[in-house]
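Here the structure is laid out as C-alpha cells; the discussion comes afterwards.
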Amino acid sequence: MSESTESAACAAGEFDLIVIGGGSGGLAGAFRAAEHGARVALLEPSALGGTCVNVGCVPKKAMWLAAEVGRMIGMAETLGFQGAPGRLDWPTFIAHRERYIHNIHQSYRRRLDAAGIVHMPSRARLLARAAAGGGTVECDNGLRLQAPRILIATGGHALRPDIPGAPLGAVSDDFFHWTAAPQRVAIVGGGYIAVELAGVLQQLGSHVEMLVRGERLLHGFDASIAGQLAEDYCQAGVRLHLDCPVAALERTGEGRLRVRDAAGGEHGPYDQVLFATGRAPNTAGLGLDAVGVDIDDGGHIRVDAGHATSAPGIHAVGDVTAGIALTPVAIAAARRLMSHLFGGAADPSLDQTDVPTVVFSHPPLGTVGLTEVQARERHGDAAVHVYRTGFRPMLEALVDGPQRSLFKLVCVGEERRVVGLHLLGEAADEILQGFAVALKKGITLQDLHDTVAIHPTSAEEIVLLR
Ligand SMILES: Cc1cc2nc3c(=O)[nH]c(=O)nc-3n(C[C@H](O)[C@H](O)[C@H](O)COP(=O)(O)OP(=O)(O)OC[C@H]3O[C@@H](n4cnc5c(N)ncnc54)[C@H](O)[C@@H]3O)c2cc1C
Ligand SMILES: NC(=O)c1ccc[n+]([C@@H]2O[C@H](COP(=O)([O-])OP(=O)(O)OC[C@H]3O[C@@H](n4cnc5c(N)ncnc54)[C@H](O)[C@@H]3O)[C@@H](O)[C@H]2O)c1
C-alpha cells in the first residue's frame, strides 16, 4: 500500500454505532439506533438480510408453501377436481422465490438510505478497543471506522459432522441452490432443519430417509407431539432410522452416495445426503481477541442479560451468542438494546421465556412454554394437569387421509394456569401466535373456557379442551 492510500485508509470514519453483520439482528439494531438519531455504519459483505432472508426462514417458508400447495393438489383429485396439475417445475418456482427475496433486498436498501445508515459491503475485523468503550473496526479494503458502540451480529453457519467423506454431503445453504428434487435423499439430523427439509422434499417428490442420531425427532419438544409427527412422516412415506449415528459417507461407482452408520450398517445409495446437524457461530477472523471479547466453549460470544460482551461498549445479539437461535429473538434483542443505548429506555434485556416457535413440518408444529416433562420437573407431578385432543382436521377427513392433529395444553396449580401449549396440525403455525400472547399474560384454563369457540376450525379445539 502506498503512503498516500495508507493515510487515506487510516482516515477514520467516526460513527455512534458500528454494526457488524446485516442479518436479522444487525439490520434491526441499525434501524432502531438510526431512529434514535445515531450515526450508524453497517458492515455486511454478502446479501442483506443474512441467513433468514437468503438461506433460512424466507426461502425455506417458500419451499414449505410450495410443498403445501402440492399436498392440496394431491387431495384435489380425490375431492373431485378434474385435470389437477402435476409435479412442481422447480426453476419456475425458484424464479418466484428469488423475486420475492430480491424485493426484500431492495426494500432494505431503500430503508438504509432513508435512515442515513452507511452500508459497507465488507467483512469487518475488530482492530482495537477504545478506552472509553467501543473501538476501531477495519474493512476488507483497509478502511477503518471508529465508534464508541459496536454491535456484533455475525450469525452462524451450518456444521458437518467430523466423519470421513463429510464434504460429499450438502448442508441447508446448498439445498437452496438445488433446482430439482433429488430422487433419493438422506437427511442426517432430527432437529428443526432436518424435519423441515425432509417434509418439503418428501412432499415435492423425493424418497426421503432420515438418519437420526437420537431415539426421537425434535429433542426438547414435547415427546408425544414429536411422536405424532414421526407417525405423520412415516404415513407420508419418509423412512425414519432412529438411533442411527452416521460414521462415514462414500461415493459409489455410479457417482451416488452411500452412508455407513456407527453399527456398521449401510444406507443408500442416495442422490444427495444433506447434513442438518446443527450450526456454529461466525467468530473466526473477527478479531475478538484483539479487543478482549470472551467466547464460551461452543465459540459463542459471551453476553450478559443486557447483551454486553466482556469488552466495554461492544455488544452482541443473535446466533453469534448462545441464546435462542430464532430471527424474532435476534430482532427483539437488538431493538431493545438500541432503545436502551440511544433512546433512553431503562432495560436493555429481553425476556426470553415463553418464546413461541414453529417447526414448518407437514403438518406444522407450534410450541410455547413448558413441555409436560419440564412442567413436572419445575412444579412437581401433583401440580401439573395435562389436556390433549387428537383429531383429523376437516380437509383431511374429507379426503379420508391419515394425517392427524394433536393439541396439548399443560396447566399448573389449583387455578390451572396455562404454562405450555403444543400444537401439531393444520394451521398450527398461524394459530399459535395469539395463544402465545395469552400464555404470556398468565391465562388459566377457565379463561379458555370463557372464550367462545370459532366453528368449524382447528383452533376451537384449544378453548374446548377439558
Ligand atoms: C435453514 C434455516 C431455516 C431457518 N428458519 C427459521 C424460521 O423459520 N424462523 C426463525 O425464526 N428462524 C429460522 N432460522 C434461524 C434464523 O435464520 C437465525 O436465527 C437468524 O438469521 C439469526 O440472525 P443473526 O442476525 O444472528 O444472524 P444472520 O441472519 O445469520 O446474519 C449474520 C450476518 O453477518 C454477516 N457476517 C458474518 N461475519 C461477518 C463479518 N466478519 N463482518 C461483517 N459481516 C459478517 C453474514 O454475512 C450474515 O449476513 C433458520 C435458519 C436456517 C439455517
Ligand atoms: N422454524 C424455525 O424457527 C427454524 C428452522 C430452522 C432452524 N431454526 C433455528 O436454527 C437452529 C439450527 O437448526 P438445526 O436443525 O441445524 O439444529 P438443531 O439443533 O435443531 O438440530 C441439530 C440436529 O443434529 C443432530 N446432530 C448434531 N450433531 C450430529 C452428528 N454428529 N451426527 C448426527 N446428528 C447430529 C442433533 O442431534 C439434532 O437432531 C435451530 O436450533 C433453530 O433455533 C429455526
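Every residue, even glycine, has its Cβ placed from backbone N, Cα and C.
Because TrEMBL annotations are produced automatically, they should be read as predictions rather than curated entries.
When you check TrEMBL, the disulphide partner of Cys52 from the set Cys10, Cys57 turns out to be Cys57. Site annotation (TrEMBL, ligand NAD(+)) includes Gly189, Gly190, Gly191, Tyr192, Ile193, Ala194, Val195, Glu196; from Gly116, Gly265, Gly268, Gly278, the additional listed residue is Gly278. Of the binding-site residues Gly189, Gly191, Gly278, Gly189 has the largest number of other Cβ atoms within 10 Å of its own Cβ. Distance between Cα atoms for His455 (active site, proton acceptor) and Asp319 (FAD binding site): 40 Å, as a whole number. Shown are the recorded positions Cys52, Cys57, Ile193, Val195; of these, the residue with the fewest other Cβ atoms within 10 Å is Cys57. Counting only same-chain residues at least 6 apart in sequence, those with a Cβ under 8 Å from the Cβ of Lys61 (FAD binding site) are Phe360. Only Gly189 of the recorded positions listed as Lys61, Gly189, Val195, Asp319, His455 bring a Cβ under 6 Å of any atom of ligand 2; the order follows the sequence.
It is Asp319 that, of the recorded positions Asp319, His455, has its Cβ surrounded by the most other Cβ atoms within 10 Å.
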